[in-house]
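Asks: So TrEMBL lists these for the protein:
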DOMAIN    1-360  domain 'Major facilitator superfamily (MFS) profile'
TRANSMEM  16-36  transmembrane segment
TRANSMEM  48-70  transmembrane segment
TRANSMEM  76-96  transmembrane segment
TRANSMEM  108-128  transmembrane segment
TRANSMEM  134-155  transmembrane segment
TRANSMEM  176-196  transmembrane segment
TRANSMEM  216-236  transmembrane segment
TRANSMEM  243-270  transmembrane segment
TRANSMEM  276-295  transmembrane segment
TRANSMEM  302-321  transmembrane segment
TRANSMEM  327-348  transmembrane segment
């Protein structure tokens with residue numbers, strides 16, 4: 001019975017991959033504009049705009065009955081995510097100027113992201129099977145309303161409070177090799193899980209005869225370990241060296257991905273997925289503070305534009321991963337996809353050594 005509809009599932013890899021990638025592609029395009037906007041009007045209003053757009057996209061998901069409407073809702077979600085993530089990370093970087101406090105705060109924030117992913121996949125799959133398609137999205141819409149109410153009470157997003165210092169142009173930051181190395185680490189480490197999201201459930205249906213509820217549960221170990229990793233290394237990464245933490249994390253990401261195709265049932269996925277989530281937590285909780293540190297050290301201390309670049313790198317992983325992953329699975333098979341992206345992460349890991357002691361602006365101009 002596992003093989004029934006196998007050809008249909010193989011074709012769906014591409015359509016599902018494009019649906020997943022649409023959010024990241026739109027978010028990638030919107031991010032630079034949000035970075036410029038935060039420098040001019042502050043972080044509070046863009047964060048509230050992000051909440052509003054996310055609320056509307058969640059309602060669209062609940063009542064969409066066609067692929068086109070789902071695609072539109074997913075793209076709209078990308079716009080909301082761009083406003084929320086760039087403004088949120090920039091706000092944390094400006095409120096916590098001290099390096100160790102900033103790392104701890106960003107670890108907690110990334111832990112919040114992990115908590116959403118942790119609950120999201122199993123919650124969605126269980127609610128879909130036992131309650132109905134619209135139910136998880138309606139619950140999320142109610143939670144989004146609560147978030148909006150908290151923002152109105154605490155952040156007061158009607159105030160315009162531009163950055164005190166003029167932000168370095170995005171074009172200048174993109175020419176900084178150290179920022180590019182950090183952005184590459186974020187992109188490639190997250191590309192692995194981005195490729196797994198649309199392709200692993202279909203591979204499980206084809207090879208493990210998995211019931212619907214298991215498709216979301218497969219990601220539970222990754223989400224739990226990411227939650228642990230971001231909170232743990234938000235503190236530890238500063239002590240052991242963020243460059244070393246990122247290097248080890250990328251190597252473990254690669255090894256975990258190579259082990260995924262060896263699983264023959266859902267229990268065999270626990271180890272590789274847990275290793276993957278923990279390692280991505282190591283990279284994210286190290287690279288996000290490094291981005292702010294590089295701007296402080298080599299440019300001006302305005303954070304909207306650099307976190308726009310960080311989010312673009314993150315989104316490139318989630319855009320390239322699903323959109324190409326489905327096509328690669330169809331051409332070469334799921335195991336070869338894991339080998340390719342795993343080897344890419346292991347090969348990129350040594351570049352993190354460049355972030356060990358980046359020179360300040362005056363030193364870099366002399367050395368260049």
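Cβ coordinates come from backbone N, Cα and C, glycine included.
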Asks: Near the transmembrane segment (48-70), which same-chain residues lie under 8 Å Cβ to Cβ, leaving out any that are not at least 6 residues past its ends?
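Replies: Same-chain residues near the transmembrane segment (48-70) but 6 or more away: 15, 19, 76-77, 79-85, 87, 133-134, 137-138, 140-141, 144-145, 147-148, 151-152, 155, 157.
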Asks: Ranking 76-96, 108-128, 134-155, 302-321, 327-348 by the number of C-beta pairs under 8 Å to the transmembrane segment (216-236), which range is first?
Replies: 108-128
Asks: Taking 3+ C-beta pairs under 8 angstroms (sequence gap of 6 or more) as contact, is the transmembrane segment (327-348) in contact with the transmembrane segment (76-96)?
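Replies: Since fewer than 3 Cβ pairs under 8 Å link them, the transmembrane segment (327-348) and the transmembrane segment (76-96) do not come into contact.
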Asks: Is the transmembrane segment (276-295) close to the transmembrane segment (176-196), in the sense of at least 3 CB pairs under 8 angstroms with a sequence gap of 6 or more?
Replies: yes
Asks: Please give the sequence-distant neighbours of the transmembrane segment (108-128): residues at least 6 beyond its ends with Cβ less than 8 Å from one of its Cβ atoms.
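Replies: For the transmembrane segment (108-128), the nonlocal Cβ contacts are 88-89, 92, 135-136, 139, 212-220, 222-224, 226-227, 230-231, 234, 277, 281, 284-285, 288.
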